[in-house]
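Here is what TrEMBL says about this protein:
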type	residues	note
DOMAIN	13-259	domain 'Nodulin-like'
DOMAIN	326-531	domain 'NFD4 C-terminal'
TRANSMEM	79-96	transmembrane segment
TRANSMEM	108-134	transmembrane segment
TRANSMEM	174-193	transmembrane segment
TRANSMEM	213-232	transmembrane segment
TRANSMEM	238-260	transmembrane segment
TRANSMEM	332-350	transmembrane segment
TRANSMEM	399-418	transmembrane segment
TRANSMEM	424-445	transmembrane segment
TRANSMEM	457-482	transmembrane segment
TRANSMEM	502-523	transmembrane segment
Amino acid sequence: MGYHETYSLNAWKWLGFVSAVWVQAISGNNYTFSNYSDAIKTLMNLTQLELNNLSVAKDIGKAFGLLAGLASDRLPTPVILLIGATEGLIGYGVQWLVVSQKIQPLPYWQMCIFLCMGGNSTTWMNTAVLVTCIRNFRRNRGPVSGILKGYVGLSTAIFTDICSALFSDNPAKFLIMLSVIPFAVCLTAVFFLRETPQSVSVAAEKEEARYFAIFNLVAVVVAFYLLAYDFISSTNQVFSLVFVIILLVLLASPLAVPVYSFCKSWRLARFEPDVERREPLLEQDANAAAERNEVINDETPVAMEEAVVVEKSRPVIGEDHTIFEAMRTWDFWLLFVSFLCGVGTGLAVMNNMAQIGLALGHADVSMFVSLISIWGFFGRITSGSVSEYFLKKAGTPRPLWNAASQILMAVGFLLMALAVPGCLYIGSIIVGACYGVRLAVSVPVASELFGLKYYGLLYNVLILNLPIGSFLFSGLLAGYLYDAEATPTPGGGNTCVGSHCYRLVFIIMALASILGFGLDVLLTIRSKNIYTKIFTRRKSKKPPTTMESNGQ
């Protein structure tokens, strides 16, 4: 393959990554329930337990993400994206019809179905994006996961701030945004997001690092821009319109990377004949063989260490596992349960933020929803890059970062339980950041422990924790304990004001976080050898010189 073709493929790969970033920037709609939950509660005269069970139905949609996982190895990426986009259009579109009172409120069970469809739509989008990008950038799984999951975290703030700027937080307008915008973005992404052949030379790895640094910088600028708007909160229409335009320009700015890559390929095309005459055929063959070997090594970091292939009845940690083989290991269940403790408690706060804010004296919770989103972004994007850096420099096991986030999350819950001044601001920041760390770090951990071959299904089994955690911590724990403290209101609903409303909920979630911390520490100890081998293998690899490639 010539230089022109190589750089052209790289350009398409980066264009696919930009489209993946856009899909992730609109696929966090599952975390926006607090923005319109109060409208549904009032319109349908629901108790808090009934409302929480609606949020659980939304999260149960993720359980059907197993279908997306199974489809990821059988259907092309564009088809998976289209399924998610269509399902979201229907699920959130019907909710908009109800909240905008275009139709009469549906029976409770029907609302559960449409919320479930909305929740399931994101599993198809996330599966298409994560599986494709992790395979396209095998040697930079941490930064890829951090950036993509970071934009999922930002998506809540993006939707919330755009709705606040243009529609004054109107819940009906918010829902129409959730249904139409993801559909339009996915229709665009189907033309660009696809797997591309690997180029894993040292030069390519350095180029990827430079480009990921640009993506990180743009993402941080977007996050600070959203944060600044949250604190300014101007009601001036011109100011709000300018804010939205600049935000859209910032979100489009990563296009500079594939545009630069395309220009580079066109420039090299003019000199390619001369370059190919100077490059010996033997060097091309040697480099190609080295690239193939590096791809194989990245897919199975432990298996390739043995010179003799031995027939094994069961793969070891680090090799490709089917989901059933993974579930027969202690490491899978340590990761699964610790993930449950982290994301289940985080979701409980997000789903109940409207009522938590009211209980602690805040009628408008859009600020806290946005804070969780933005700091969730910082947690995701920072943990992805930092965990990758320390893995390459010192072989630090990635699960260690999950353990750190769990103990910090426990502190945040205790602060909110004690209702200290400013606790909801501090708690929103801590919970958002730690929830983001958990999501971003667990993605590459699963691929490093159990391989990439069956990763689509493995990822969707792992995120079963989202509906399970939502049911346990939000539907049961928060719902029952809130209703026990609440007073009835006319029409059949209820309400609760005061720090006592969620005190016991926060204490129990703090204990769950401590349990997750212990499990993560144990997984760190058990996986230390795996990460040491990954570190040693990467450190020992040296790029072949031209003389070595030519056999001189």
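Every residue, even glycine, has its Cβ placed from backbone N, Cα and C.
Confidence for the domain 'Nodulin-like' (13-259), expressed as mean pLDDT, is 86.
Under the criterion of 3 or more C-beta pairs below 8 Å, with sequence separation of 6 or more, the transmembrane segment (424-445) and the transmembrane segment (332-350) qualify as touching. Same-chain neighbours of the transmembrane segment (213-232): 17, 21, 143, 146-147, 150-151, 154, 157-158, 161, 165, 243, 246-247, 250-251, 253-254, 256-257, 367, 370-371, 374, 377-378, 381, 385, counting only residues six or more beyond its ends whose CB sits under 8 Å from a CB of the stretch.
If you count C-beta pairs under 8 angstroms between the transmembrane segment (399-418) and each of 108-134, 238-260, 332-350, 457-482, 502-523, the highest count goes to 502-523.
If one looks beyond the transmembrane segment (79-96) by at least 6 residues along the same chain, the residues whose Cβ comes under 8 Å of a Cβ in the stretch are 23, 29, 36, 40, 61, 68, 71-72, 102, 106, 111, 114-125, 127-128, 172, 175-176, 178-180, 182-183, 186-187, 189-190, 193. It is 457-482 that, among the stretches 108-134, 238-260, 457-482, 502-523, forms the most Cβ pairs under 8 Å with the transmembrane segment (332-350).
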